[in-house]
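Trainee: Here TrEMBL flags 1-15 as signal peptide. What TrEMBL records for 20-158, 157-314, 325-484, 493-653 is domain 'MAM'.
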Amino acid sequence: MLSFYVLSLIVTAKAELLPGSCSFQESTCDYVSDPGFLSWTLDPSGHFITVEERVQEDQGKAVLLGPDVDQQDWSCVRVVYQVTAGASLQVQKRTDAESFDQVLWTTQSPSDSWLIASIDLQNSTETFKIVIEGKLGEEEGSSVSIYEIKISDKYCIECAFEEAHLCGYTNQRNRYMNWRVGRSDDADGTGQYMYVDSTDTRSFQEVAELVSPMTTVPMSGCLSFQYQQDHAGDHLFSLFSRDRAGQYQELWRADLPENNHADWSPEARVWMPVQVDLKAPYPIELVFEGSFNSPHGGYVLLDDVSFSPEFCHAGTEPTFDPSIANCDFESGYCQYVQTVMGSPLWRRVSVKPNIYSAGDHTTGAGSFLLANSRSSLQSGYFSRLSGPPMPGNQKYCLKFFYSLRGLSGADQVLSAYLYYRDGTKQEQIWSQNEKIRNVWIAVELTIQSQKNAQVVFISTCKNVWSCGSVGLDDIKVTLGDCALLASSLSVPSHCDFEAGLCGYTQDKEGDSGDWMLARGPTPTSYTGPRGDHTTGVGHYLHIEASVMLPGHKARLFSSSLRGSREPQCLQFYYHMYGSGIGQLSVYLQTGQENEDKLLWTSLGEQGISWLRASINYQYDQQHQIVFEATRGASVRSDIAIDDVIFERGICREYAGDHIPQLSLSGDNNDIRSMTFK
């Protein structure tokens, strides 16, 4: 039987540490505590750094700032950590050009032992800092501790299995069958490797799984490793990818001995090289699986897992780019086409902001597609809109917005289908059930098909009396499962108010009203939105004019922003519907001047659409953004905001754009002010 060391008893091997790495043996290296928060403390034993005591009741966060790192190539950050009793831990990346830190990884799961987080960092030309943020829980004994931070110039899935932490690879523990660490002549000479031995088998079809760290950024290329087998005909050795939903996909399986012409005798000890094309556009982990049917099934050895960003084979198709299926219809139909066989078409239209009919979802004053419009109303027809073909054997997240228009019935007037390219029967994947009018409703669908397919939107008009108009806008396709994408890392610079105020706070001294979190219509008729901008059925912030007096103000402060020498883009959606609407303004507050700097303002009624505002500004010192709403002359003065986004650089589209003040009279109020394109 092979000699081995159980995973928990492996020997520690030292490795060269790159800048930004620290073992916290005798010092904190170049890591320092942010003085604005709790302090991290080096443990008296000198082996880790920790935060475990609140100084004040409301101060439970500690921020650890790393040194400047100038690592331009792909790198892997490994953090050995422990959190207890309701605490949480985040690893962030900070650059001078951003006002917000990028969240790389986060956990709230308590543990009674040291765990390893592996985080891939893509190629970068910018100097950055690693920022560690620990938050204590409310429970007694809550703590956050860091044992080691290591930055290496490798991909996190690469491993030679020479170090104590095994590069974050874990044995998926089985009662009998487990991957273990062997030490003798490995693929590079003398060293460590992983192995699984059939002598541990106790029942039929025992399986041992060795699992890599989960990838954290999209990657594709050539995965390489080496392996040995004994009694290869009596077991299976396979490689799978596994996504966060637990779905497996086989990437490779070892050939039977008669197919690879290798000498598998124990004396030969042949290391076989393997190369596998890997496409990981969303988080996956590698699973090396050994399956045995008896105690006499031999063994499998594994070593030297490596990765290259170039595919192994020149003919491999690149990872499909799903963005070709994205369209906001501002400049045309993109890759969407219609079947022209005498049927009325989807028509591209725009609506001037007015108080009767909502505009598009993208900007509130742009273009969208409309089916069953008055100009094309016919009974018993189908309008088909077909998207671009998408390769099979892939998982997609399809998101789009639809809006019911007009006054007539609208039961299931819109459906989505998958049409298979081989001509087989189509599959319905969604049908409209919501009946809310003049609100853009978000739909998210996870699509997975083994065949090449295309998404087709079908609008149905059964008869003239039950045929409602329906709008379609902002179609977006990404790779991955919608549920997993929605639960992925939060983006501090984006706030849709679905999980609260995102760090925004009310002005308790300088105003006379509050911003309120709401869902659905506001309490007062003929003012305020009917739904939010994010999904149509979610949350937004608004001022409730019925509890304020004319001229009263409500001020909302962002969290403190670091500032940047580069331009920043602030983008948000606002809603100003009501005959008594007052004013909405956005200010820059620096704390160094007597007055806030006005960045943007809008006065008076703007119609029933959510309108997009884009503001370019630059300030290189600490500051805050202030949203100030002023109540107008009557209770019909509810003002709302949603989907606030800060981005680096000039606003990509409609830079500096602001919907002009509109005179809501004459043709602008007429539902017939729709423009067909």
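Counting starts with 1 at the first residue shown.
Including glycine, each Cβ sits where the backbone N, Cα and C put it.
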Trainee: Using a threshold of three or more Cβ pairs below 8 Å, and leaving out pairs closer than 6 in sequence, do the domain 'MAM' (20-158) and the domain 'MAM' (325-484) count as in contact?
Mentor: no
Trainee: So how many of the residues in the domain 'MAM' (20-158) end up helix, strand or coil by DSSP?
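Mentor: Residue counts in helix, strand and coil order: 0 helix, 65 strand, 74 coil.
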Trainee: Looking only at the domain 'MAM' (325-484), what is the model's average confidence as pLDDT?
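Mentor: 85, rounded to a whole number.
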